[in-house]
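Undergrad: Quick one: the structure is below, questions incoming.
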Amino acid sequence: MEFLYSLFSFFYQFGDAFAFLVLSACGLAVIFGMMGVINLAHGEFILCGAYVSTSATHMGVPLPIAIALGSLAAGIAGMIVEVVVIRPLYKRPLDTIVATWGISMIVTQGTLIVLGTTMAGSGTPFGSFTVGDYSYSIYRIVLVVMALATLAALWLMFTKTRFGILARATIQVPHVAEALGVNTNLIYSLTFGLGAALAGLAGGLYAPTMTLVPTMGAAFMVEAFVTVVVGGADIFLGTAPAAVVLGFIKASLTSWQGQLAGQIGMLIAVIIVIRILPRGISGKILKERA
Amino acid sequence: MSSASRFTSILKLIEGPQTLGKGPKFWSGFSVVLLAACAYPAFADSYDVGNNVYFFNWLFMAMGLSLIWGYGGALSFGQTAFFGVAGYAYGVLTINLGDAYGLTLLSLVLAVGLSALFAAILGYFLFFGRISGVFLGIVTLSVTLVLERFMAQTAGPEWAIGKARLNGFNGMGAMPSLTIPWPGGNIVLYPDVTLYYVTLALLLVCYLGLRILVNSRFGNVIVAIRENPMRAEMLGYDVRKYQLATFVIGSALAGLSGVLYTSWGNYITPASMGMTAASLPIVWVAVGGRTDLTTTIIGTLAVLMVFQSLTIYGSQYALIVMGTLLVITVLIAPRGIVIALISPFMRRKSKLEGER
Amino acid sequence: MAILETRQLNKHFGGLHVTGNVDFALQPGEMHCLIGPNGAGKSTFFKLILGEHLPDSGAILYDGEEITRAKPFERIRKGISVKFQVPGIFKELSVQQNLTIALQHHVAPEILQEEIDRLLAFLKLSQDRKQLAGNLSHGQKQWLEIGMAVALKPRLLLLDEPTAGMTPDETFATGEMLQELNREGMTLLAVEHDMAFVRQIAHQVTVLHFGKIFAQGTIDEITADERVAAIYLGEVDA
């Protein structure tokens, strides 16, 4: 019995790590995979989602709707950023990473000035349950389900909807898509908006579990970065398997040595992976299939 | 070739295609600035002079980033990691060794060496793994962010190396300043006129040394790698080794900044490796014009002074201005504002010919 | 002995064989052109020789020495040099600097300038030495890259469509340049589409089709071969 308890505990840790990696990375991965842009303001879209959804819950909006609002707000903010800053830089992808860093600084410090050093949280809903000697948060299980649902929704969106098909066409052969009458600018805006909305979703979902401070976005960045580095440009063949592998490493190290060891171990694992698989897991898979 | 003529041929590299500024006009301007910098302590309060060494401390890291990013084309967004490693190493070493017998100078060398070693190990995995542009940026940034978090949780008494407590979030203090052993009494480099001159001299040596480096054959190759790594490899260069060497030199300079800063303020905190700290060198170097050492220095000093004068209103306002400056630079003057301002006057210099 | 030889060279991506069991030999002093319809595996074959791709099986020998898994820069140091299809030059650097970088690691500093001047004259770029390479015309960029490749004093020069995008006059001048290099003893292997150019320079022609050697011979033999004409018209399947 003791063994089953610790097995459950490990799976809980793993699911928690997996969900955090998927949710924090998928917005970054969508934008990188489709546009080749690494969005360093990713953490600030997460911040936006967290703050908007928490404010909404303070106003009495039910949590699921509040989270959707947070995601929507981040998505709209993302589309504005795309038009103003990203679009002029399409031909200079390395410059967009620097420009989005500038935006990140402006948003973090602006939030600090306008809303102060911290915002009252909304508390984790649903309570907890007990297995063996330990109690576990039900909300963490909800987050795992949400991570899987997000992946499923993205898969449906990119394979079954008109937007998804046009988006993939635009990314692969922009001039052909344009010649066929696709509004490529709109597609880029929507894609960036989608990435930002996913970041906002992560922010909204995790807001009830964290302290809300203007620099909270940075807490997601390392996980989002390493997942994208290992996963490469493809969200389904890359990000999801990367999150499984990294989640396993993180959960093992976390249950052995604590939270920080999980993070350090994950980063070291990634740096070693780079030496072996320079194009990430999806690069490896795609190369095999090409 | 005799050693004397070899020496002069090395000295000639102080001017060359990879550096703006050549000929009598540039060097007389340079001399005027240098003389002004030397004369400055005579006209100012020694307390202010010591405080203003602060500006010089950062220039080493800025030049290192210019070398790696501007000349070498590698996005290293985590230079603060090497700053922090060297800063903490200096603290730990000097607290344990003390400041007698020039041991602080030994600590400086060891701390800078440690940051270079760290860069060599990290760089080996990254460059020999042939990681591409943006990935290099986010991995190096992740490294500095994780180091910050690691140091921030070392508050407990178990986190001590010898006599040195790491002190977590609050940072480490009370390490001795750099001390030069001298007959008739050690010279302690408190923030004062002496430290000013020592730092200025160090800066001059590094600046001129880097000018020679970037105009040398090594410099030719790293610029070639920035322009077209495949072509460089197909000219027979082992691109990975050149990238690694550039990364180690640039990071050692960040380490030097870290030691000088720690010794100057007798203090270092984990925040020096955080997201905000990591973003500032990017702003200085991008605004100045990262592809040239001189514009990098001008830009860094200008931006630092603007930043300092704005922090009177609160550092968050200053940081908003920094972020805005960065976005505007990238959008309007991607080669840097200083380069954009001087380029109309330097039409005939081949380095700026034919702006895209 | 052949200067370059491939034995049973294989490379496939997934199920698709891009080169299948290629046995190829290049004699010293030869000017050899590699032709074939799009997708024939020409550029993959080139990348295998350069080490940009590693083969799944088979061997590559340079001067009798196996280089199958050597790193690209190691092959260059053995005496192979390459000119890419898209001009691979250092755009933000001057013409003179481009050549300096190509020359500096095997030419003594005292004679560096002399060598640069000689190359500039050969490339007809003496007037443009201070110009940024990115500002040159397309044809001049191609020449500059040929100059950089030649600066290494290679024994074997690989050229991937060296005349792509050139005017007929530039193409002809390029042909003369290559013939001059060949007279000085350099072996050349070029992928080329322009049949007039192939006729101008090639001693021997190899036709690749679906990753296999389809025909080999002089240009007259090849143009007389009806099967070769047919594959260009898409009438023959592998």
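Placed from the backbone N, Cα and C atoms, the Cβ positions cover glycine too.
Because TrEMBL annotations are produced automatically, they should be read as predictions rather than curated entries.
Fair warning: this is a prediction, and the values are worked out from it, not measured in the lab.
TrEMBL feature annotations, pasted as is:
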TRANSMEM  B:26-43  transmembrane segment
TRANSMEM  B:55-74  transmembrane segment
TRANSMEM  B:80-98  transmembrane segment
TRANSMEM  B:105-127  transmembrane segment
TRANSMEM  B:133-152  transmembrane segment
TRANSMEM  B:194-214  transmembrane segment
TRANSMEM  B:244-261  transmembrane segment
TRANSMEM  B:267-286  transmembrane segment
TRANSMEM  B:293-313  transmembrane segment
TRANSMEM  B:319-342  transmembrane segment
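Could you place the listed features in the three-dimensional structure?
TA: Residues 18, 80, 83, 133, 136, 196, 199-200, 202-203, 206-207, 210, 213-214, 219, 222-223, 225-227, 242-243, 246-247, 249-254, 256-258, 260-261, 264, 281-282, 284-285, 288-293, 296-297, 300-301, 304-305 of the same chain lie 6+ residues outside the transmembrane segment (B:55-74) yet bring a C-beta within less than 8 angstroms of a C-beta in it.
For the transmembrane segment (B:80-98), the residues of the chain that approach it from at least six positions outside its boundaries are 61, 104, 106-108, 110-112, 114-116, 118-119, 140, 143-144, 147-148, 151, 161-164, 166, 172, 174-176, 251-252, 254-259, 261-263, 268, 270, 272-274, 277-278, 281, judged by C-beta separation under 8 angstroms.
For the transmembrane segment (B:133-152), the residues of the chain that approach it from at least six positions outside its boundaries are 74-81, 84-85, 88, 122, 126, 166, 168-169, 270-271, 273-275, 278, judged by C-beta separation under 8 angstroms.
Long-range contacts of the transmembrane segment (B:194-214) within its own chain (CB-CB distance under 8 A, at least 6 residues past either end) are made by residues 10-11, 13-16, 18-19, 34, 37-38, 40-41, 49-50, 52-53, 56-57, 59-60, 63, 67, 71, 177-178, 180, 187, 222-223, 249, 253, 256, 260, 264, 293, 297.
Distant neighbours of the transmembrane segment (B:244-261): 54, 56-61, 63-65, 67-68, 71-72, 74, 76, 79-80, 82-87, 89-90, 107-108, 111-116, 118-120, 123-124, 126-128, 178, 199, 202, 206, 213, 218, 222, 268, 272; these residues of the same chain sit at least 6 beyond its ends, with a Cβ under 8 Å from one of its Cβ atoms.
For the transmembrane segment (B:267-286), the residues of the chain that approach it from at least six positions outside its boundaries are 58, 61-62, 65-66, 69-70, 77-81, 83-84, 87-88, 91, 141, 144-145, 147-152, 168-173, 258, 261, 296, 299-300, 303-304, 307, 319, 322-323, 325-326, 329-330, 336, judged by C-beta separation under 8 angstroms.
Panel annotation: around the transmembrane segment (B:293-313), residues 19-21, 55, 58-59, 62-63, 65-67, 70, 207, 210-211, 214, 280, 283-285, 287, 321-322, 325, 336-339, 342 of the same chain, lying at least six beyond its termini, place a Cβ under 8 Å from a Cβ of the stretch.
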Undergrad: Residue list, the transmembrane segment (B:105-127) vs rest of chain: Cβ under 8 Å, 6 or more residues beyond ends.
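TA: Apart from its flanks, the transmembrane segment (B:105-127) reaches 81-83, 85-87, 89-90, 93-94, 97, 136, 139-140, 143, 178-180, 240, 243-244, 247-248, 250-252, 254-256, 258-259, 263.
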Undergrad: Give residue numbers and ranges for long-range contacts of the transmembrane segment (B:26-43): same chain, 6 or more residues beyond its ends, CB-CB under 8 A.
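TA: Apart from its flanks, the transmembrane segment (B:26-43) reaches 49, 193, 196-197, 200, 204.
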